[in-house]
Amino acid sequence: MAAVPATASPSPRSLLQLPRSSPFFPMTNPFIFAGLGGKPSPRLSFPSCSPAAATKSSPSGSPASAPTLSEQLKPISLTFLTDQPEHPEEGEEQETAAAQVDPPPVRLSRKPKSTWVNPSRPRPRVLSLQRHPRSAAAAAGTDGKRMALVSQALRECGGDLAAFSAAVREAFPEGLPARDEALLILGGLRPWEKAYRFFNWLRSLEGFAMETIFYNVVMKSLRLERQYELVDSLAQEMADGGVELDNITYSTVITCAKRRRQFDRAIEWFERMYKTGVTPDEVTYSAVLDVYARLGKVEEVISLYERGRAGGWKPDAVAFSVLARMFGEAGDYDGIRYVMEEMKGVGVEPNLVVYNTLLEALGKAGKPGLARSLFDEMTAAGLAPNEKTLTALAKIYGKARWSKDALELWTRMRANRWPMDFILYNTLLSMCADVGLEEEAEKLFADMKASDRCRPDSFSYTAMINIYASGGRPDNAGELFQEMLTAGVKPNVMSCTCLIQCLGRARRIEDAVEVFDVAMANGVVPDDRLCGCLLSVVAFCRPEQAPTVLARLETANAGLVRLVRMLGDDAVGFEAVKAEFRGILNGTAVDARRPFCNCLIDICRNQSFPYRRPRELFSLGNLYGLYPGLHGKSAGEWSLNLRSLSVGAAHVAFDDWTETLGRSLREGEALPQLFTVHTGAGTHKFSQGLAAAFAAHLETLAAPFRRDEDDRRGCFVASKEDLVPWLLAGDASAAA
C-alpha cells in the first residue's frame, strides 16, 4: 500500500515563527515525529483520542463504548484507509460489517489530503488544497439554436420577465429548462446584463431549484465587468435565503471586491468565510494576500502566508508577485530577498510577471545593480522581456544615472528588436534626459515621429526639451517647443518650466516671458514648480527687467511677489518677513519649499536688496527645517554639506558656518584637525554643480580650503593649522 505523502516541511525561518496551534509545531511523541522526517508518512488520525469519538452514538442509539486494545492495534490499512462510507445507512450496515472482517482491496477515488492533524489538539485547517468539486453540466444534447433563441429574447425583452417567458416558450416546451442546460446557457451568455436577466428569470420559475452553482456562475459573469454591488447583493441573498456559500462563492465575491478596490469589503467577506466554517482555497488565499498587501498590512500578509505554508500550501507565481510588490512599495530589500529565496525553496520558477514585479520592487528599493543581475538572469533563462520589463529597467538606470548601462540596454533593444510601446518610448526619452544621452534621444524621437501608432505627445516633447535645456541649447529647445505647438500638441507645466529656466540662465528674459504667455494661452495651470522657475529667472534679471517677470509671477502666486517686494524694502522688519514667509510655506508643496527659499536668497543677493536679507532668509530656512543635515561633527572632522543649496544660499551658509567656527575658537572650544565642505560633483552629464562657483567664492575670501580631488570629488578641505589663523585674521579685520 502506498503511503500518503506527508506535507512539505516549512523552512527554518517559518518554523520559528509558527504558533503552538500550527500543525507543524514540533511534538514530543516519537511516533508523531516519524511523520516529520525525510520519509513520507500516512495521515495520522486517532478516533479514540478525539473528543467527538467519545460521544459518538452507535446505530442503536446507545453511546459507543471505548475501543478495545486490539481494535486500537489494528493495522493502519484496516483502520484508517477504507472506501466505505464513514456513516453507513441502515441497509448497508451488514455489508459494511462483512467488509471489516474480510476487507476488499483499497481503491482510493482520489489522492488523500496530506495535511497532518495533531491528535491531541485537533484544529480546523486554514487552507483547502483542493477546490470544492463542481457539478459538471452534461454537454450532450445541447442545442445551439436554443442558446441563440434565449440570447435574442433577452436582447429584445430587456428586463420584462413575462415577455421573456412568452418568447422562450418554444425553446422550453416543458415549461422548466433542464438543470444542466440552464447552467450551460447561463455560463455562455454575454454581456453580463443578459446573464443576470436569465438568472432572474430562473429564480422566478416556480419549482426550479436554485442551487449554489447557479449563483456562482452568474456572479462570475458579473465579476468580469466588475459589478461588485450586484455580486455582494447576491451573496447576501444566498446567506439570507439559506443557500450554501461554498469556497468558490466566497472566492468570487472577494476577488470581485479586490478588482473594484473595495479592500475593506474583501477582508470582511474573508473573515466571514472563516466564521461560517468554509475553508479557503489557493485562489482565495492569493487574492486576500493581495488585498492585505495593497492596504499596506505587512504583518497580516506575512502571518497569512505562514499559515498557508504550514497548512501545506505551495504558493504560485501570483502569490510571490504580491509579496514582491508589497516589499518593493516599502523599499524593503530584505523582504525582496526573502521572496526570492522562498521561490527557490518552494521550487517555483519565476515567470515574466514575477520578474517584472521584482524589477519594479528593486527599483523602488534603490538597488540598480541587483536589478541588472536579475534582468541578465531572466534573459539567460530564455525569457524575452516585454515592454513592461524594459520600462522598469529604463526607469532604474535613469534614476541611478547609469549612462553606460543605459546605452547598453538601448543597443540590446535595437539589436534584438524587443517590443516597444508608447510608455516605453517616453520612459526611454526620460532616461536619456536623466543621463544626458542627446544623440540617442534624437534617434528615438525621430523613430517616434516616423511611427504610425507611437507619435510623440506632450511628455515626449517635454523630455526632449529637457535634454536641450539641460545641455544649454536654448535655440534647439525653443524650436522644439514651437514644433510642438504647430503639431497641435498642448504644452504641459514641465515643458514650459524647462524652457523658461533654460532661457533665464541664458539671460533671454523677454523670450522666457513670451513662453509663459503662450503657456497661459494654451491652458497651462501654473504650479509650484513653474512659480519657482519664475523666481529663479528674477534672480538672473537686470533691475529694469525684474518688474516684467514679477508681473507674470503675480498672476500665478501673488503672495510670492508680495514677499519679494517686502524683502526689497529696507523699512520692513524681520518679524513681518517671518510671518509672510511662514504663510508662503504653508501654502506650498513640501518638495518646493526649499527651492523657494534658495531662489529668494539668490534674488536678495543679485538684486542688491538690503544686506541682512539673505542671512534672515537662511535663518528662517533653518528654523522651518528646510536645510537638514547641513552640519556634521565627529572627533576628528567638522563638515558642511552644501549639496541641496543654490549658489547664493551656499555662500550664505558658508559665511554663517565660518562665523560659528570663529565663535567656537573665541570660546575656547576644542577644534578638530580637519574641516571639510561638500558641494557635490554632480552625476548628470550637464550638471553645473556648485564646485566651480564655490571655488571662486573661496578665492575671493582667501579662505584656506583646497580641492580634495584624489579622494572625494566636490569636496574642499582645510587643516586646523591653516584655518585658525584665517579665522583670527577675520576677527581682527571685523574689529577694526
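A Cβ is built for glycine as well, from the same backbone N, Cα and C atoms used for every other residue.
Among the features that TrEMBL reports, region 'Disordered' is placed at 1-21 (among others).
Feature annotation from TrEMBL assigns compositional bias 'Low complexity' to 9-21 (among others).
Per TrEMBL, region 'Disordered' is recorded for 42-142 (among others).
According to TrEMBL, the feature compositional bias 'Low complexity' maps to 47-67 (among others).
Taken from TrEMBL, the feature repeat 'PPR' covers 246-280 (among others).
Annotation source TrEMBL lists repeat 'PPR' at 281-315 (among others).
Within its own chain, the repeat 'PPR' (316-350) has Cβ neighbours under 8 Å at 11, 13, 282, 285-286, 289-290, 293, 296, 298, 301, 305, 357-358, 360-367, 370, 378, counting only residues six or more beyond its boundaries. The repeat 'PPR' annotation in TrEMBL covers 316-350 (among others).
Assigned with DSSP, the residues of the repeat 'PPR' (351-385) fall into helix, strand and coil as follows: 26 helix, 0 strand, 9 coil. The repeat 'PPR' feature in TrEMBL is assigned to 351-385 (among others).
Positions annotated as domain 'PROP1-like PPR' by TrEMBL: 404-540.
Residues 387, 390-391, 394-395, 397-399, 401-403, 406-407, 410, 457, 459-460, 463-464, 466-468, 470-471, 684-686 of the same chain, all 6+ positions outside the repeat 'PPR' (421-451), place their C-beta atoms under 8 angstroms from a C-beta of that stretch. Taken from TrEMBL, the feature repeat 'PPR' covers 421-451 (among others).
Look at TrEMBL and you will find 457-491 (among others) tagged as repeat 'PPR'. When Cβ-Cβ distances below 8 Å are used as the criterion, the repeat 'PPR' (457-491) is approached by residues 422, 425-426, 429-430, 432-433, 436, 438, 441-442, 445, 448, 498-499, 501-503, 505-506, 508, 511, 515, 518-519, 522-524, 684-686 of the same chain, each at least six residues removed from its ends.
DSSP labels the residues of the repeat 'PPR' (492-526) in these numbers: 26 helix, 0 strand, 9 coil. Positions annotated as repeat 'PPR' by TrEMBL: 492-526 (among others).
Across the range of the domain 'PROP1-like PPR' (404-540), the DSSP-based residue counts are 105 helix, 0 strand, 32 coil.
Confidence over the domain 'PROP1-like PPR' (404-540), given as mean pLDDT on the 0 to 100 scale, stands at 89.
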